[in-house]
Amino acid sequence: MILVLQLITLINLPYVIKYAFSGRLRQGWMLNRNDKLNEITLDGRVSGNFIEKKLSKNQSSLYVKYNYWHNKLTLQLVWRCNSLTVIRLMVMILYTAIIAVALIWNNTHLQVFIRNFRRPAKVAMAQWPILFLLSMKNNIFSIIGLSYEQLNFLHRLIGKLIVICASIHAGLILNAQVAPLNALLGDLQFLYGLVSLSIIILITLSSFGPIRKRIYQIFLGIHVIGYPALIFALWRHAPFTHIWIIIAAGCAITDGLLKICKTRWKSAHFTSLPGSVTMVEVTRTGTGWRAGQHVYLRVFSAKYIFEKHPFTIANAPANDTPYGSSNTLILVSKSHGDYTRRIHQIGLTKAAFEADYSEAQIKSPAGSESSILGPSYDSQMVVSIEGPYGSMFVDMPTYETAILIASGVAFTFIVSLFEEIVGSALRGKTVTKIVYIVWTLRDSDMIEAFINPVQETLRVARAMNIAVVIRVHVTSTIGTYIPPHMPELCIIPSRADIQKVIFLAVDDTVAEIYAGGISNNAQGIGIAVSTGSLSLSKAVQDAALKIDSETFGKIGGVRVHV
């Protein structure tokens, strides 16, 4: 496993070094209040204290070449699979080979293999700490730009290999037994082993994609209840499991403590917006995250207390915002599941009470407002915010051209990055000259929920001479909202041609290089994608890979965050 970790670290090391030098590595670990005042000065810049981010130097040719081949490994899909890249396949093959060698080392003779029935069990247990480590939201891989969701593929592989090793162990034991099955069931060691195998098979079956997506709450319940039961059964099954269980439990306890440290209890205002969108404004939380990260929201109410769900932060932190001082964290959700529908109802209740209040205030004498509103009028509720999580190591303000792509409510990811780019320009800490925004959605009414922050950010972008192109692709007739005229905005009633957009951005970047003089090396193109559509992600990856090596070097490279 150490070999696999070294490979993953080595592949990402150049990007980690670049990100550390930019100053961004200090951000994104703990949410905090914003106690520093930033004000817009007369020259359009921002005064006050903020985290310094050095401007990038020209990309070295060695770095650009590394970037080119890194993309070949991390973006190239295998066998038309939408999530299996070349590098993931390499890691999976390497890890599986290590486990296979551990099983058959000096153990190739069939009779020896049968007699050595404990080895598969020991190999399975040795993987337990790794399994728990990869499931931790606060794992060491965050430092090298790999968040827990990006390592899920390895977590799932290890789970399957543990099942295989445990099944081999059980099969060898059954093969060696001469006693009848009912006699074996009377043996507590055998019984606990059988229970352990049954639980881990159930957990693995519930983890398969089609099952997990259809009945996620059942999948989650099986994990929450199954693992404590599995730990108990394994502990009673054999003494050699104890050390591995203790290490795995240590990982889980550490993760739990870090979750508590990263949790903030705040007041939040819920507002229902057009397009079945809900805005959650968390007060007194202005810094501590990076644009593109997410948090887990729990609402302290009888209906919601037992659930927490991830939401992408929809605004940049105070030290990166183009709006001066800010002390609010904004989350936006689209009403399409049970939880988000209930969240949306909080804001709808507020709107209904406001309407009732406006009507009743006319009819009621002064001073009777409290009796009209009642205790449930205010949409403000106590929430817990756990995070931030996610590793967005593509530092968009350090690239000459930024391409931001999203679908549906994932536009929250793009809004925060757009704010960060423009806010960095306001502080004189960006090299970005061109921003392309591509948003695909089905309900045009959703545009209304985001139009105000986009307009404000656009206003500052114009002042900073950043060229912005916004292409909104509406793929259905749902919704009637027509946004106000903006020269940067184009509404297109069709699917997005991602390759066309990326190639257009490449041409614009090349033109910008020649306009500034051939000696003015470009800082490259940064592409950030947030979507639940695997086909959209694949289109971005395919388009980025089609850029030839000569053009790739000319523009200073291309970095993609999917």
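Placement of Cβ uses the backbone N, Cα and C atoms for every residue, glycine included.
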Range annotated transmembrane segment in TrEMBL (choices 241-258, 457-474) is 241-258
Decide whether the stretches the transmembrane segment (125-146) and the transmembrane segment (241-258) have at least 3 CB pairs under 8 angstroms, with pairs required to be 6 or more apart in sequence. yes
Report yes or no: does the transmembrane segment (241-258) come within contact of the transmembrane segment (401-418), defined as 3 or more CB pairs under 8 Å with a sequence separation of 6 or more? no
Long-range CB partners for the transmembrane segment (401-418) (under 8 A, at least six residues beyond its ends), listed in sequence order, are 277, 291-292, 311-316, 331-334, 392, 432-442, 446, 450, 453-454, 457, 496, 498, 501-502, 505, 508-509, 512, 524-533, 536, 540, 555
Where else in the chain does the transmembrane segment (215-235) make close Cβ contacts, counting only residues six or more beyond its ends and a cut-off under 8 Å? 125, 192-193, 195-196, 199-200, 202-203, 206-207, 241-242, 245, 248-249
